[in-house]
Each structure stands twice: as structure tokens, then as C-alpha cells.
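Copied over from TrEMBL, here are the features:
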BINDING   15, 16, 47, 48, 79, 80, 190, 191  substrate binding site
ACT_SITE  78  active site, proton donor/acceptor
ACT_SITE  189  active site, proton donor/acceptor
Ligand code: DGL
């Protein structure tokens, strides 16, 4: 039962940093009236070059905060945290609807015309058992070329969305995928849609780029609607364990959202 001091029911969304904002953008488009609380765990980013135990600990800590603030559905807007921590999150909160973000191997296989697809993701996602399992279940006869991308999230976190350093790194990372003649590449990290045009340029126009945010938002919408909670339109609240000023600047520049982020100690 809701008491006057209960926090307002909201969607709780988190990522290691700014990447999950690409999921939040799609959630806002599909669920404009739902209150949303977003945590960027920037002080601990990037997750993709951390040990699984660390990612699990941080995911549990951030989720606990979101739930205390009223989250009734949790969206793990991070492929790396989903790969390593979604099991622990579901075990800890078995009654909470939890939506994860995973590379869409199945749609990529369906979209490929030549049976060769690439997946770009963090080293930790690519090394995970969950990722191997996704490929085993959905790739079939399609050849999957996995490309770990160390260093890419750190550049995006610094706001380098189209700089010479970014383009140079993308050239190196895309080279094996171009050599493998993939015709479809999955962005297996929620940060990558923020650099989609630079990435498309590095891969060439013959390669189709796919992301998963809209499917995650659809799945979230189903879970939210099943709760039967009515929301009140409000701008999302953005919190970060890093610099609130830096996150505010990022959302204003990269997404044109006139929002002020709040600092959070977790
Ligand atoms: N945005 C995240 C993902 O989807 C994590 C990036 C990171 O912190 O390395 O994997």
C-alpha cells in the first residue's frame, strides 16, 4: 500500500555511464507519461573492462538505490551488466520485473543477406557465458565475428563523439569486421548508438548497423503496463556517481535535453 511518504512509482534505469541514455531516449519515446529515474554509475565506468564480481556488486548497489527511490520495473540499460549481473539481480528481487539489454543476435541473423554478421561490444560482454549462449542458441548457420572494443566507451564518456582519436580507434576496431566481409553489425553496447554516424563511416555504407534499444523499450512497456500503475508526465531524473556538471553538459550537447543531473554517492 502506498503511504504519503512512499516514493512515486517509476521506471528505474541504469548503466555504467551515458550509454544507457540511448535506452532512456527510446523509453521516453514509447512511454512519455511514465516517471523515470536514471543512474549513470560514472565513478565506476567503464564496466566493460572490469571483473564480473565487480560488475555484480555495482549492479546490486545501484539497483537497491533505484528500488528505494520507487522503481517498480528495473531496466538494465547496459549489455555488460546484463551479461554478468542480471541473474544476481533476479535472484535478489524475484518479484521485480527486470528488463535486460543484450546483443540482438536473432534479428541480426534474420537481417543478414550473406550469413556473416559482426558484433561490437565490450571485452567483458564478449567474454561472458551469456553471450556465448546467445550465439549458440540463435546464430544457426550464420557466422558471427565478435569484436571486443577496449577504449571505446572511455572516449564516448569523455564526449568524443566524432574526434580524430575516435575515428582512428574505430578504423582499427572495424578493420577485422570489414576483412571478414560482414554485411550486418550489431551495436552490442548501449554507448555505441551515440557514435553511430562515425561508426557507419568506418564500416562503409554496405554494412547495416543494428541496435536493440527499441526492443528493450517495447519489453519494458509491456512490463510497466502489466503493473497497472498510472504515471504522471515528468522529465526524467538523472543521477550520477560521477560529475553532475559533466552529465548535464553531455545530455544538453549530445541529446539536446535541457535537464540538470544530480550527484549521487553510492
Ligand atoms: N554501456 C554498457 C554496455 O552496454 C557498458 C559500457 C562500459 O561501461 O564498458 O555494455
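Just so it is clear, glycine is given a Cβ too, placed from its N, Cα and C backbone atoms.
Where TrEMBL records a feature, it is marked here on the structure.
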residue: 15; record: substrate binding site; contacts (Cβ under 8 Å, 6+ apart): 21, 23, 39, 40, 41, 77, 78, 81, 190
residue: 16; record: substrate binding site; contacts (Cβ under 8 Å, 6+ apart): 40, 41, 42, 44, 45, 46, 47, 48, 58, 78, 80, 81, 153
residue: 79; record: substrate binding site; contacts (Cβ under 8 Å, 6+ apart): 101, 102, 103, 121, 122, 125, 188, 189, 190
residue: 191; record: substrate binding site; contacts (Cβ under 8 Å, 6+ apart): 17, 18, 19, 22, 152, 153, 156, 157
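Listed in chain order, the extra residues whose Cβ falls within 8 Å of the Cβ center of the substrate site residues 15, 16, 47, 48, 79, 80, 190, 191 are 17, 19, 20, 45, 46, 78, 81, 122, 125, 153, 189. Whole-number maximum of the Cα to Cα distances across the substrate-binding residues 15, 16, 47, 48, 79, 80, 190, 191: 12 angstrom. Look at residue 15 (substrate binding site): DSSP puts it in a strand.
Counting every protein chain shown, the Cβ of residue 48 (substrate binding site) has 29 other Cβ atoms within 10 Å. Secondary structure from DSSP puts residue 79 (substrate binding site) in a helix.
Sorted by the number of other CB atoms within 10 A, the binding-site residues 80, 190 start with 190, the lowest.
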